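Chemist: Please see the structure below; I have some questions.
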Amino acid sequence: MSLFPSLPLLLLCVVATSYSETVNCEDSQKICPAVIACNSPGINGFPGKDGRDGTKGEKGEPGQGLRGLQGPPGKLGPPGNPGPSGSPGPKGQKGDPGKSPDCDSSLAASERKALQTEMAHIKKWLTFSLGRQVGNKFFLTNGEMMTFDKVKALCAKFQASVATPSNAAENRAIQNLIKEEAFLGITDENTEGQFVDLIGNRLTYTNWNNGEPNNADSDEDCVLLLKNGKWNDVPCSSSHLALCEFPI
């Protein structure tokens, strides 16, 4: 005959014995008649399943981590603004006097005389080929035809002025020089009928043609030297021979 009547009856006895706090050995025999005697407690069972996560705890204090290595140097920044000018430096010492080359006064005088002689020859050549000299005036023409304003500009470029005869000799010299009618440095642009030179001085010598000046076209403010040596008033915008005078 088997010691345990049946397996289900045995399990029932084990459960009743595990969860009863006041059941003694005698009671257990009454409940489980198949159990002969009370034994010692059995071994612990396997751990149960993990429970649910608890509530979030408070934030902890920062940790004391290790300091990292120093990184490489950064790029150079843009240049700054220029600083203020410094104070002037101390004055330097006075230098030694310079040495002037020894000049031979006699040699300088001879060279100066030779230069003056050469300039006189050049002046004669110019007078013979291009111009006329009367007293301290030298008259020259480039043979070009242009307006009065352009003649003034041309003469001023060479530090000269438009030819203005102040006597019969100068008027005759200009007449012999020109082959075309030429402007003179005389005008009444400022005051009609009152002809003056380019400085503004009134004329002390005139040689008007018959019936001139007549201002025929109401704008004849400039003066022309005709081939016969007489003067005629003409518009300044007309083109005639350029003639300059150089002081000598």
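Glycine residues also receive a Cβ, built from the backbone N, Cα and C atoms like all the rest.
Pulled these features from Swiss-Prot for this protein:
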type     : residues  : note
SIGNAL   : 1-20      : signal peptide
DOMAIN   : 42-99     : domain 'Collagen-like'
REGION   : 43-111    : region 'Disordered'
MOD_RES  : P47       : 4-hydroxyproline
COMPBIAS : 49-61     : compositional bias 'Basic and acidic residues'
MOD_RES  : P73       : 4-hydroxyproline
COMPBIAS : 75-87     : compositional bias 'Pro residues'
MOD_RES  : P79       : 4-hydroxyproline
MOD_RES  : P82       : 4-hydroxyproline
MOD_RES  : P88       : 4-hydroxyproline
COMPBIAS : 93-102    : compositional bias 'Basic and acidic residues'
COILED   : 112-130   : coiled coil
DOMAIN   : 134-245   : domain 'C-type lectin'
DISULFID : C155-C244 : disulfide bond
DISULFID : C222-C236 : disulfide bond
Chemist: Work through the recorded positions one by one (P79, C155, C222, C244) and name whichever has its CA nearest to the CA of P88 (4-hydroxyproline).
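Modeler: With Cα distances computed to P88 (4-hydroxyproline), the winner among P79, C155, C222, C244 is P79.
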Chemist: If you run through the region 'Disordered' (43-111) with DSSP, how many residues end up as helix, strand and coil?
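Modeler: Helix, strand and coil residues of the region 'Disordered' (43-111) number 7 helix, 0 strand, 62 coil.
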Chemist: For C236 (disulfide bond), what is the tally of other C-beta atoms lying within 10 angstroms of its C-beta?
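Modeler: Other Cβ atoms found within 10 Å: 18.
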Chemist: Can you tell me the CA-to-CA distance separating C244 (disulfide bond) and P82 (4-hydroxyproline), as a whole number of Å?
Modeler: 58
Chemist: Using a 10 Å cut-off on Cβ-Cβ distances across all protein chains shown, tell me which of the disulfide-bonded residues (C155, C222, C244) has the largest neighbour count.
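Modeler: Of the disulfide-bonded residues C155, C222, C244, the most buried by Cβ count within 10 Å is C222.
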